[in-house]
């Protein structure tokens, strides 16, 4: 919001605006009396009629002609007019000196010469200011900023322009021939011409214009009386009077002049008496006296060019010249309403350079007050004011008027708001004034234009006024209440005393305004309003008001007086007497006329008139006694009511006489009132005559009649007054007040102030009684919190009840409630003073406060304290349970704490929580960044951060995740270290999910990729495209079969076989679970190898059973055998294929046909893999050992390779009896007759070993004679069967497996030495693929502690099991590093992978 400039006008506050309903609008006097208590506080008010109230405009526009007043705006304002008068005097002074006044500029503004002159005079004069150096002080008082050397400029301008005038005013310029006083500055040189930038002043000639105005029309008057224009008697022209000092000086100059003329020539200086320097000798254009320019005071630098007056002539012409009374000039011609409107609209549109209806009222208002306060701009407007409606017609319709009223508008003829009716209605006392008074009883018309104004004034006789704006642009009003009238007068007299000295009744002439901001600054309350068309503005008694017109408009106004005005009416007569101002009508005459009609007067009016008449009679009695004491003895009755008002005015105070007057025979027609009886003339009072209208004896009966008429009302009024002014112990009940109201209604007393006051008091008492009853009943359910009484309201209410003129029964109970409230407040203050009160204590107070049913100020603090205590408990509870103290919980607690009332404990706890929240949020943010960082942070960084978060007493999810991540990473690293040989995929997946940089993880990922590649290679080698098995499951393909299914044999068999199968299936299922756990859960391969060995044994048993069953079906004469064979479960048809392992029959069309004769054909159930060559399997196993990782598939493959190598070794042992290169057919040990079991037992065992090892092998042996070996084994077995040698496959296998191989700690080097000796002399060719190594050297024996296995686990302990390779290298290995157990090492020969690969290549 921008602040206004210091000199910018600030609009005063708005006055009240009333919008009555139709019911209220029906009676104007009743409505005005209703709003009077409010409106008289502001002096003016605005009334908006109901929207449908629109009277027709009845004035004849074409016939209305008027002569407006001319208003020069900057002459209207009091202070501006004083400055203009001063500047005119200065200009006249210099004009007589032959110079032109030019006003200098200081700080780019015209210098205020009047203010400068006044301030210098207040400081003691020019000499004093110069001597005491007060020019800077004067500059500051004039509004200039200090420190700019303005004082020196002011001194220069004062000395040049104003100092000569001050000398002239004081008469110092007449002190010729006298030296200047000692100590005074040298007399300045009167050099008026200044800078070229000085503005030439054009005089306004106010004195000349006002003199001409007075000569034409006499003293300006606002109203005529009794339709007769009042003209003051001609005043003789005032001769300028000189003070005694001036007269003596002039006389001395005259005497000196005559004496000089006798002695010297005619043209000599009257000061120095010399006729020299004739070129510097001035001749006065007034009296022809001569003066040297340098002899004048102050001296002149040059001879003036124009007319010049000597000091004597200046004194005679200008000194002591009185100011003329200021008034408005009339325009030279009249206007019609239409012509005036065109002129007004043209002026406004040209001035503001926009259409008249688009100019904002605020802009016009500010511009008006700027123009009236400036001397640089002269704006002249015209105002058609005080136009008599009787001559040109009212704007309202009247009966028998010029305007024919339509039937729908006849309502307005009798409307009380029609100004022609309002002043003469019965409630107005002006109806008892017989004369028609223009402007008071008859409306006046006003035609305004932009900036035309009506100045500060109060209505005649301090009456009411009402103004209606018929049409046009708004009228801006300013008003002050009647109580501030004397204050406003004092302020204006203080600020413009020069105007009131010459015109004491200036404010009654409507010619002077003053800025409302100035009046407000001096403590006068001012209010404003904009009156629009169709609105009324009412002013109240003695309310000063002024304003201006926003543009072309038409208004009408009239005065009226109500009963309440009567006391003021007598006061205003006394006030006018002091101002010597005439009265518009005789107040005493009006009172006597009303008293003569006492029997028909309204009782209220009769009462008021009776009081006023009693005062009048008392005063008249006192004055007549005074006159009689003066010596006046002659009395004569006079009928003053038959005279014109100007014929019975007191020549001293201009009061209209009615009851009495004093006359003297020396001055016929001249009279004075009894107040000025001593000032009539110089004759003896004995010759005076007292003229009277009524004798005192005639007045008393009139007063008595009024009292009798108003007796009932007076009695009622006195009773009402007695009740209203009763003391506390004498107050009556509300019933007495109601009875008085009922009495007034019964006796039809008219509306009056006392009755309205009585009704108001009664209504207030009834409301108080109702409110008290409601409060005592405690009807809380009907009262919301916003409508509850506060304690102050309760106290005020009780005070109001106690201050009522009547008494109500609930007063004592209300006081009791107040005592309870005070007790509650005292206890509440004690509780609130405690640091931490108990919840129960606060709750008890809250319950007690709720019972009072009041808006107690202590309740909110108590609730706040309760919330504070509860919040502190919640805060302590939350801090004691950090596991549940989340960030949201902390924020909620902080929000609740912030919402509480300020308290040190809350602030401390809130600060503590805020600190914890800040730390928690910081660490949550840090933890989130550490967890989600890419690349991930190392475990050490996260671990250090996690340790710092452990000290934060709060539940922080991200910090918990951080600690969990650290713990998970630690566990993972521990597990990874334990399972560094194995590579479970779940460990890798877990490691990838942990948000920590794990150093082994990339290595494990690489190993996993390599392991997957190895698995893929192994799957490509072993799995066929159509196989239902998977390499990923360790008991499929690479593991031995514990359940053998072949053809239809397993679907139907003997009960014993089925039972054995069922039992074996359950046992096999358990065995499979053991194998799975051993392969996947254990880092040691020993349990896995033991489980696989057990499966192998079960596989041999299952194959034996299945083979026996299938062969039994082929025996002739087999009974109860299911004939269905093959996978299709149909009987044998045509050429059948027989599996070489399970001996089952299959249709050639149901299974794949064999590819050639070698290798032997196996059925689909028996052929689980592609049976890759041993060399490829060894290569795959060797690549797995290079991975340095343990896989379940690797254990299974290692077991399969070992079985294959074992099978190959068995084959070599079986073929040993046949010779190295001989075939079995060339050497047939069973060809002898009836071979015995003992003789052929060894060979038979070898053949069985060979066959059993082959049928379960999934890897193709490396021996090229594989097919021959197979057929040889089949032939041996068939031969034994044909010869009746019955040997079970299991027994044969057990026999083969009985070989014990015991291996101890490696410290037993002697066993190794023995084995080395046993192997001496053996060549690789004689070993059939099994390699041997040379005896241990000393270096090898010294390096016995090193395990040559790839990825040695370096086991530690009191006893470490070792195993020696039975191949060529004879090296010792940790059993755990090569994946065998101690039991298996004792039963089986062990060949390391390197020897197996090397032997495979040799055999191939």
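Our numbering is plain: 1 for the first residue shown, then up by one each step along the chain.
Cβ coordinates come from backbone N, Cα and C, glycine included.
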*Do you know which of 189-215, 216-242, 243-269, 270-296 TrEMBL annotates as region 'Disordered'?*
216-242
*From the ranges 1294-1342, 1343-1391, grab the one TrEMBL calls region 'Disordered'.*
1294-1342
_In contact by Cβ distance (the domain 'JmjC' (411-577), the domain 'JmjN' (15-56); 3 or more pairs under 8 Å)_ = yes
_Across the domain 'ARID' (80-170), what are the DSSP residue counts per state (helix, strand, coil)?_
62 helix, 6 strand, 23 coil
_Considering every residue in the domain 'JmjN' (15-56), what is the mean pLDDT value?_
93
*asked:* For the domain 'PHD-type' (266-316), how many residues does DSSP put in helix, in strand and in coil?
replied: 9 helix, 6 strand, 36 coil
